[in-house]
Amino acid sequence: MSNESKCPFHQTAGGGTTNRDWWPDQLNLRILHQHGTKSDPMDPDFDYAKAFKSLDFQALKQDLTALMTDSQDWWPADFGHYGPLFIRMAWHSAGTYRIGDGRGGAGSGQQRFAPLNSWPDNVSLDKARRLLWPIKQKYGNKISWADLIVLTGNVALESMGFKTFGFSGGRADVWEPDEDVYWGSEKVWLGGDTRYGKDQVKAQAPGQGDLVAEPAKHGEEQNRDLSAERNLENPLAAVQMGLIYVNPEGPEGNPDPVASGKDIRETFGRMAMNDEETVALIAGGHAFGKTHGAGPADNVGAEPEAAGLELQGLGWANKFGTGKGGDTITSGLEVTWTSTPTQWSNEYLNNLFNFEWELTKSPAGAHQWQPKEGKGAGTVPDAHDPSKRHAPSMLTSDLALRFDPIYEPIARRFKDNPDQLADAFARAWYKLIHRDMGPLARYLGPEMPNEELLWQDPLPKADQPLPSEQDIAALKTKVLASGLSVGELVSTAWAAASTFRGSDKRGGANGARLRLAPQKDWPANQGTGKVLAALEQIQGEFNNGGKHISLADLIVLAGTAAVEKAAKDAGYAGNVQFRPGRVDASQEQTDVESFAVLEPLADGFRNFTKARYSVKAEKLLLDKAQLLTLTAPELTVLIGGLRVLGANHGGSKHGVFTDQPGTLSNDFFRNLLDMGVEWKATSGDNESFEGRDRKTGQVKWTGTRVDLVFGSHAQLRALSEVYGSSDGKDKFVKDFVAAWVKVMELDRFDLK
């Protein structure tokens, strides 16, 4: 008998067929409970912002600068300088950000975890982070991995002669992989079939998709018709599973620079970069370093998540030659762009336009480009052998900057005006590494730029005295006497606050942008104009009396007053917390195009959908709840409360399971859980339902999928039972008020 067969355990905890295996379409409420105290090793009172402020920032930068040229035998530096490797590390950490849902990005150090730590596009970045470990170990919790990864990229640029725009810290680490990010539904690495498939799902609920590894294929075009229109699935911002942006060989391995330009524009645009920023990032980033494709890809071993224990979290062990240095295999491409790969220059663009290019292949068989007629030979140094020289080389995605009709004039202008490139690259790089940080109130450190940038959603300074408690009480009275209903006041405050996204910290009530384009014109906000007009009148009268309240504060205060009234009408006294200090942004401080991505295509909290989607309404609700950083109990209690308060879009009666709308009762849960009611679909697509009395057959209620899921889904029903019980009334009111205040203050980083 083998030793293995003697083991009394055939499987350990967590193994076996899971609920997700049995019911893959089941709502995944786990995405609402990520990054909690059970996975966080830090003390409950640990304050990262406070720790960061105690950091000797300049000493850290000096240590990072010294590391750049401290080549290690176990992973030698190209050209004796780690700068290009660290730029790629920072770029690939920040570059996962996509503007569609704000997810991805550098904000929490996710590059340390699966799947990002094992993406094909991140080969060798495991080595970059290991090179950083002695410095991280030295400074400990005063610098997060998330901040250190980005700062190291900044210092790398500076160490090679480039003047950066600045750096801000404030990215706190998490300690487990994100489960909410939808990276695509392909089942193999570098697959792209479903994100461009004809029958693709146009919008995805978060956290779906399983992955298996597949060997990289270089120089092989996939068998799909590239002449067909390429519609990249939303919210994805990469052309293939496991890539940051585009395939550098061209779309799916097709070495067509013009087609590559289209992919670049799509993917960089989804990361909130315009054409000029895109050209600047590529031209600036490729001023440094090289790519690696010394030999065939089948020499490379498993990625970190699949590698053996003895490799200690490193992956892609390379059996080609020494497996490092001049024998390194990363992308399979073997390209060095300039003769000064560790010094800032404009040579990348000079080479791009001054040479004519012909297609060739790397030693790994990947499509790349070399100067025609052998020109440029001997001008580029070898990364590890001083006796060798090379010609410059380019990627298909590089040639896109020359042959794309929009990129070409921008790139040519940068070639002829190096100062313009330097400024554009500095600003675009700063935007790249800070795009998911949210408002300036979150920025930390001595190198924060003084200039406010439009993409940061700037707010005016709060320089007015705050209203007193007596003022607030008087304003509540005026609001409640204005003739506006509880439902109107609540839904307007919700419309303002619920644009917040915990992913990139954008949106929220602060700024009162609900009154500005584009938010004032969103279908989801129909009916808020009437409320805003009334509130602006109250604001004007109050401010004309020598005092001040912002409209942003008044919107939230009005909703809060309505919640207090509804609770009082249900028999519960007490005040709902309101903390003033919000300000009103101007239209000039509001980038209409940038804010357009915050538009709710569906908001189950208001029973609103803009159109019919292939993703079920309850999954869109879950996505919204996760972006609002809600827990499952908070999601549940908010739905029940908002329904009985009459906050539905357009005054819809769906889900208003009460005879006393406007009163903060637990009627939604009591009536949903009533076994005297039988539910049946009233639409062919099972989107709307009616509940009939089992005895009389009379219609009692109507509802949507978002309403009925709280009685159908086992976990949500369990939560609904808590609030629908006879002793759950007090808890319902208390929990609703707490969740309401949380949402109203999600963007109040000035209070945190």
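Keep in mind that glycine also has a Cβ here, set from the backbone N, Cα and C atoms.
Remember, it's a predicted structure, so these values are computed and weren't measured experimentally.
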(Q) Can you identify, from 104-128, 204-228, 504-528, the stretch that Swiss-Prot calls region 'Disordered'? (A) 204-228
Q. Expressed to the nearest Å, what is the distance separating ARG88 (site 'Transition state stabilizer') and HIS286 (heme binding site) at their Cα atoms?
A. 10
Q. Including all protein chains displayed, how many Cβ atoms other than that of ARG88 (site 'Transition state stabilizer') lie within 10 Å of its Cβ?
A. 24
Q. Whole-number Å distance between the CA of HIS286 (heme binding site) and the CA of HIS92 (active site, proton acceptor)?
A. 14
**Q.** For HIS92 (active site, proton acceptor): intrachain residues, at least 6 apart, with Cβ closer than 8 Å
**A.** GLN111, ASP121, ASN122, LEU125, ILE244
Q: State the count of C-beta atoms found within 10 angstroms of the C-beta of HIS286 (heme binding site), not counting that atom itself.
A: 25
